[in-house]
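Novice: Please see the structure below; I have some questions.
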């Protein structure tokens, strides 16, 4: 704490100036949140380790750990706080700060007890100085709410080096609600609340805190929350403050009279919305519902985005957590062969491909989603070549190798750790040489294994968006010749850190999809990805447990029709019927001419 300067106590930079952060009367030190029945608790994150310089501990014991609560000045040797984000060095911290940090490393404590136990004649001022000294350490400090000698009601845990809650009380005249981005789930013996918009996690350890959350409706004033929860008003007020400060609750904008919109800056574009009390019926409005930056996100998608990349959480991407429940055997590199007679597929010859294939640049430039097919022209040989070139197993390793110890394989598309969790299922409706039905592709033996099912048409119906441009037949909408359904065997990634697994699977789907697109283009076939399949339908038709192996991507394959080009899809048409030329727009046409696409592609060997 700064030494008093009686000459200039009126200056903002002076520690005795009322608005200075270290002044005892600063708003942060005024307790407008906690009442007589609840109190603040302070502790360090569980991953924080305290290292004291040699000799500092004995020196402090000899001095009785007495002294000013500030951050420096005669407090013994250096103190280093190690955490997941690095280390923080405190050079000769004051004995009171050193003692507080030691005790906070053992669990939640009341700072006023530390200050009072210091033997100081001015414990309130020492407490203010101690709080000020802890301010730079906010990312390492867990703020909890105590009510008695038992467990805290809740704890607010910082998740990043930029975090650290700044407690604020809810405004009494504005309704509250749970943020639509907040997620509540069980985690061991506690309930955990998280939000992708927050840099904190809230751990609810007692039912009294859960009762407060349960009492919050769509938009509830704070006093009604207290009445509905059945808890003491002081405790409810404090719980709401912690949840609001952590970003789990949001409070409505200021009430506005009729014919006046309630949103001030920074929402100047809100003037077009109806005024409170008119079309909206006078319902309170919340900023997150009208934030333009959030308009593109659903809560689950934003949570998935923030939890599958570092930066806004404290999960360890370099460690693997053991799953709850009984141990399960790892998935093999390749699924065991089925018992049904398989369809052996054609294997292309290297010499033929090198002599006839499009250059890579031509395949990349010519590629587009094809939604119209030439009836009756796709052959089993073409299908075999496509699968061989895009998805076969080229080599594999034995169990006990690889990042997860379950073996790896090498295939024509990349996969994290060469784990290759994706499987291909083919629903065939029109392919010369292959009986219509559903098949599993065996990438090691390069063959199709029949899948027994009574409802193959269900999968084809899921591919309707990719067939919308095809002219209907007398029997109805034209079916795609072949639908490839990609599934993921999720346990193949069991050795990968949690949080990364499904994100990796979607990336793998993308690179395999591009592989199929480019090989199809080189072969003169049409390919069109399906925007989304149906999890339950695919699991029912394919006979899989969707929790262990689920569909994650689909693409339709067919022969390219004769003609100069494919019909454009919905995303291919520019407004007004034309496109604005940008960078070499003629390359795709030149690439298609080079490939001779007007002839419908390379024939079957």
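Note that the numbers count up from 1, one per residue, in the order the chain is shown.
From the backbone N, Cα and C atoms, a Cβ is placed for every residue, glycine too.
According to TrEMBL:
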- 7-34: compositional bias 'Basic and acidic residues' (COMPBIAS)
- 54-68: compositional bias 'Basic and acidic residues' (COMPBIAS)
- 176-241: domain 'Cyanobactin oxidase ThcOx second' (DOMAIN)
- 277-286: compositional bias 'Acidic residues' (COMPBIAS)
- 326-337: compositional bias 'Pro residues' (COMPBIAS)
- 365-550: domain 'Nitroreductase' (DOMAIN)
- 596-605: compositional bias 'Gly residues' (COMPBIAS)
Novice: Write out how many residues of the domain 'Cyanobactin oxidase ThcOx second' (176-241) are helix, how many strand and how many coil, based on DSSP.
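Specialist: Counting residues by DSSP class gives 25 helix, 19 strand, 22 coil.
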Novice: For the compositional bias 'Pro residues' (326-337), what does DSSP give as the number of helix, strand and coil residues?
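Specialist: Here the numbers are 0 helix, 0 strand, 12 coil.
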Novice: Could you give the mean pLDDT over the domain 'Cyanobactin oxidase ThcOx second' (176-241), rounded to a whole number?
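Specialist: Across the domain 'Cyanobactin oxidase ThcOx second' (176-241), the average pLDDT comes out at 95.
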